[in-house]
Each structure stands twice: as structure tokens, then as C-alpha cells.
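Pulled from Swiss-Prot, these are the features on record:
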BINDING   Arg107, Lys108, Lys111, Glu133, Asp134, Leu135, Thr136, Thr137, Asp138, Gly139, Arg140, Ser141  5-phospho-alpha-D-ribose 1-diphosphate binding site
BINDING   Thr137  orotate binding site
Amino acid sequence: MVPTSFPDKETIAEITAKMLIEVEAVHFRADEPFKFTSGWASPVYIDCRKLISFPRVRNTLMDFGASVILREVGFESIDCVAGGETAGIPFAAWLSDRLMLPMQYVRKKPKGFGRDAQIEGDFAEGSKVLLVEDLTTDGRSKINFAQALRKAGAEVTHTFVLFHYGIFPKAKETLAEAGLEMLSLANWWDILNVAKKEKYFDNKSLEEVEKFLNNPVDWSAAHGGISTYPE
């Protein structure tokens, strides 16, 4: 059902952060940093895939997502919703249901047999497609999905994620250069603010996470990760 209430961004961010912490999707590990496929080293990790197992949480997040999309993009400005393989697919399905729109999903690359399809589902050429994924770090994977959709004839100008790291300075710039505007519900600063307020983690962990958030590039380099933004 299309939402008829539109909470403010601050309320959405705080409640989203609380829910992510409550279901233990948030992990702080400064002593043994996480390594991402992009090459960054990080003391924080978030597992948005876990949300599919919590119906009350995911339903609330989908309501938030639909309200953000309608407010920022428009009520009649999207024709379809496409999920990125694989984590974006369930969220795209729930959002397309909320928005009463057709759904597709896009693979990272063509499957290599049969129709050799990279996109599953149907849309008319020129359709305005919203790309959906669970999260983004530096934004680069969204560009690959958007390019595949555009190659198939879609118009893609917006991408929605539940969670945006919100700390890599070039992420939004990179997306903008690719013709994409990103919408999200919360970022790591929202998580940190709630964690401090509610005392969810010990002070040492919170201090180390804050150091990372203030300077992720140097923190990554000092802990075995990449030290420059990928080209």
C-alpha cells in the first residue's frame, strides 16, 4: 500500500539505526578490522541481509523507504523497481509492492547460458527505473547495475539503499558523475549517535569507530586496507 504519512528524515534515521542495532545487524570490531571487496579496511560492518528474517523491522523500513522515495522522487516519476543481485532483490520486491509498481532484478553480469540475460523481468524501453540495493560503501557497484539497465533501454536516475556508509567523501560525487542520485534511510553517523545515547557498545569501541568515521581513508591505510579512492 502506498504510504500516506511522511516522517521527517531525522526520525527515520534514528529509528532505522535503533532497529539495525536491535537485530544485531551492526558489528564493531576495531581489533580485527573487516576487509571489504572494494579494498577498504573498517572497524564497522553492517549486515542488512539479516533484515529479511525480521518482518516487523523490514515492514517498517519498507514504509520508511517508500515515503522517502515518494517525497524525493515523486508519486508518478517511477515506472519500475529493479533490485541488484543478490541483496537488493528482496527489498526491491517489497518496495515495488508498497509503490504498486512492476519489479525486475539485475545481475552483476549476464548469466552465461540460455538467453544470457543480465536483467530478469519486463519493462518498456524508456521506463524510469529505480535501482534498489541493501547498502552502499563508496557507491561504485550501483554504477554497474545502472549501466546494465540503461543498456537495456531503461532510464535510471535514482538509486535507493537502506544504509549508506556516509563517510567516503567521493561516493555521492562518483554517483553524480554517473547520473545517479542516491536515497537512503541512515548512515554510520546515525548508528554512532544512537549507540552513544543508548550505551549499546563500550567506550573504547565507540571511540575507535568515531576515529574511523572522521578519517576513513587514513584509518584504512593504517589497518592494512587501501589508502586511496579506487579509480
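Using N, Cα and C of the backbone, Cβ positions are placed for all residues, glycine too.
It is Lys111, among the binding-site residues Arg107, Lys111, Arg140, whose Cβ has the fewest other Cβ atoms within 10 Å in the structure shown.
For the pair Arg107 (5-phospho-alpha-D-ribose 1-diphosphate binding site) and the residue listed as 'orotate binding site', the Cα-Cα distance reads 19 Å. Max Cα-Cα distance over the annotated 5-phospho-alpha-D-ribose 1-diphosphate binders (Arg107, Lys108, Lys111, Glu133, Asp134, Leu135, Thr136, Thr137, Asp138, Gly139, Arg140, Ser141) is 25 Å. Other Cβ atoms within 10 Å of the Cβ of Asp138 (5-phospho-alpha-D-ribose 1-diphosphate binding site), summed over all protein chains shown, number 22.
Listed binding-site residues: Thr136, Thr137. The one with the lowest count of other Cβ atoms within 10 Å of its Cβ is Thr137.
In the three-state DSSP assignment, the secondary structure recorded for Arg140 (5-phospho-alpha-D-ribose 1-diphosphate binding site) is helix. Proximity of Asp134 (5-phospho-alpha-D-ribose 1-diphosphate binding site) to non-local residues of its own chain (separation of 6 or more, Cβ distance below 8 Å) is seen for Cys48, Arg49, Leu51, Ala87, Gly88, Phe91, Val161, Leu162, Phe163, given in sequence order.
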